[in-house]
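Listed features, source TrEMBL:
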{"type": "ACT_SITE", "residues": "Glu95", "note": "active site, proton donor/acceptor"}
{"type": "ACT_SITE", "residues": "Cys129", "note": "active site, acyl-thioester intermediate"}
{"type": "ACT_SITE", "residues": "His264", "note": "active site, proton donor/acceptor"}
{"type": "DOMAIN", "residues": "13-186", "note": "domain 'Hydroxymethylglutaryl-coenzyme A synthase N-terminal'"}
{"type": "DOMAIN", "residues": "188-470", "note": "domain 'Hydroxymethylglutaryl-coenzyme A synthase C-terminal'"}
{"type": "REGION", "residues": "470-515", "note": "region 'Disordered'"}
Amino acid sequence: MPGSASASCLGPWPKDVGIIAMELYFPSQYVDQAELEQFDGVPAGKYTIGLGQARMGFCSDCEDINSLCLTVVQRLMERNGLSYDSVGRLEVGTETIIDKSKSVKTVIMQLFEDSGNTDVEGIDTTNACYGGTAALFNAVNWVESSSWDGRYALVVAGDIAVYATGSARPTGGAGAVAMLVGPNAPLAFERGLRGTHMQHAYDFYKPDLVSEYPVVDGKLSIECYLSALDRCYSVYRNKIHAQWQREGSEKRFSLDDFGYLVFHSPYCKLVQKSLARLMLNDFLSHPSPNTETGPFTGLDAFRDIRPEETYFDRDVEKAFMKASADLFERKTKCSLLISNQNGNMYTPSVYGCLASLIAQHTPSQIAGQRVGVFSYGSGFAATLYSLRVTQDHTPGSGLDKLVSSLSDLKVRLESRKKVSPAVFSENMKLREETHHLASYVPRGSVEDLFPGTWYLTRVDDKHRREYSRRPLDHDLPAEPELVRSSTAAEHIPSPAKKMPRIPAASAGPDPAVSN
């Protein structure tokens, strides 16, 4: 597998730094959105058509952010045959906070104990749904820096997205994504091509530290998302134009220069509107758009509009969604598999979309393509950047291995258990009541979890959490509990108490934008 190099061979600019491998985890149970419409007493189609959501995955009380991240990291390492001593940086992006001091990353480090590798940089990064992207940028920057020692970086984005009863609840979800970062990657970052926008707003935030639920201004969150998209796209285009001009080209950049586009997806319908928004930007920035034929046909009436006045203009939205319908079908729709079937995962959301895109194409179909990625987090922070897919799609290549590792996503989604809205509601109430309890033993069924899933076994009287792993083989006993850590002495692994190595796995009101 590409990505590792001896320290003596390191140069100042490792080539094609990016994503080498990906792994995705989502809960083993879901609620049907059409059934949830009936249960909530809302008009049919409000969630399924209005939001574009079909199913929503959710966690029982026996899963938390630590268990999600433990599961996705161990699955990535096992499925790719990686040793833990090959990782030199581990970054976690999450907004699901269960401790105001101890990072999720330190919990994951218990997976490294057998290897003896404690020389691992990085901690948790938090800014709503943007935290996963910030963690990924940190990892890429490390590999491209003088601090790099030739080992992989590992990035984990994970969250449990839950809302109080009401219009935002159907935009929930849960999951985690792990990404291996290094040089010679099949998905390489295009250097210098990032457009970022950051600004202060209270569109979505979590001031109550004992509750999982956010405070949401739904209309403001949509305005923040769309305004950030406008500005990030403008900055990105300026940067790529500058690159092209240095190369002697006066070509204008447009959506046609992206092979695919993926977006942070609070709900699928907003993604479709976002692509239309980018077409609006192309139209308004074009010096003389053709409104007689082609994609801008019939749009002349919108030539003099001001973008900042159109966030909730239904005429503009309808016209440009129609104009961009073909682009959406070709460049973005396939990325919404996980979002449509599992819901909003917060920090992993946009990377679930990237995984969905890869999983539904052959290596030859995506080889050489530029993939635009828009990441948004409330508060708010956003970046539009691009990945270049390698041209090498031969059997056994890095791209071939990446596509193969994600090809089972649809099968895994269909293997989940559907539960009734009433059971879903009971689970949400239980999480609400027990989220920060000490001396607590979860009541959720471990037998309903996917094989190989880590789960919470208890919270002791000092709020220390202990976990076990459901065996990969149904006939095996559960993995012994992780060593809990409250002092430095407790955290140092004893050779006699290391975790045994697990064998490799087989292959109404506007809803909140984000967070």
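The backbone N, Cα and C atoms fix where each Cβ goes, glycine too.
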**Study point:** Least Cβ-crowded entry, counting other Cβ within 10 Å, from the active-site residues listed as Glu95, Cys129, His264
**Key:** Glu95
Check your understanding: Using Cα coordinates, what distance in whole Å links His264 (active site, proton donor/acceptor) and the residue listed as 'active site, acyl-thioester intermediate'?
Key -> 8
Check your understanding: What Cα-Cα separation, expressed in whole Å, is found between the residue listed as 'active site, acyl-thioester intermediate' and Glu95 (active site, proton donor/acceptor)?
Key -> 7
